[in-house]
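*Asks:* The structure under discussion is supplied below as structure tokens; questions concerning it will follow.
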């Protein structure tokens, strides 16, 4: 019978991906809990209010009819409050964000990658804000004063098809501006290329996570350092590594990466201990030599 051998490095890389996914899910759940913190307080009971709360009512010269007015208008005030709560755009937006967070968690549990989910979510949120929170700059002071005295049905919700089309185009432009250069489009091919590059970088770093690399020290000697000593998440290390010149292209071609150069780059930017130990001038020369050697292969 033939036996199937599993590469230990593949197992370590898979465990690292699972750890990153769990940390991302925990972070999203924490953000959802923080956003819903205002819903966890104890409700205020009207029966527990002080008896002299009636003093807060405005006296319009007809104090004798205050009791009748309060009883007769009690139902109307409750109805107005319920309408305000239902029509409050900020409250509706809060519910929308809660649902978006739950949807992100469900998609990640189903196996989808976070970067793809987030790029789609950004466009949806921008479209929601553009449609439901129009720019009020065109309103005059007279319209604002009229709005405070009398309530009129909202007309912003009904828009013509041309307005909807212009709003959707604005949302797409805003999403592209927030995501990167205008020429970059969030196509499936670009996302897959970017994810494959990150996966290749993460795979090679995970394989050599505990391997010691030699660096020049300030005391004219050498010292050993590895990725474990960074005390950083693998996802954060990959993001820093993508800034090293030439690493993204090498990862796209599935070529071997200059891991000592990557480690020196990340450690020099994030580790104070490494900064105190290393000789910066010699490190720059070593990193440049490593890049030239790997790019020429």
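Numbering starts at 1 and runs along the chain as displayed.
Note that Cβ sites are derived from N, Cα and C of the backbone, with glycine treated the same way.
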*Asks:* Examine the ranges 132-189, 190-247 and name the one recorded by Swiss-Prot as region 'Disordered'.
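*Replies:* That would be 132-189, per the region 'Disordered' entry in Swiss-Prot.
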*Asks:* For the record in Swiss-Prot, which of the ranges 33-57, 58-82, 83-107 is the region 'Disordered' one?
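*Replies:* Based on what Swiss-Prot states, region 'Disordered' spans 58-82.
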*Asks:* Grab the same-chain neighbours of the motif 'Nuclear localization signal' (211-214) for me: Cβ-Cβ under 8 Å, and only residues 6 or more beyond its ends, written as numbers and ranges.
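*Replies:* Contacts with the motif 'Nuclear localization signal' (211-214): 222-227, 259-260, 263-264.
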*Asks:* Mind looking up the mean pLDDT for the region 'DYNLL1 and DYNLL2 binding' (138-172) in the predicted model?
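*Replies:* Per the prediction, mean pLDDT sits at 49 for the region 'DYNLL1 and DYNLL2 binding' (138-172).
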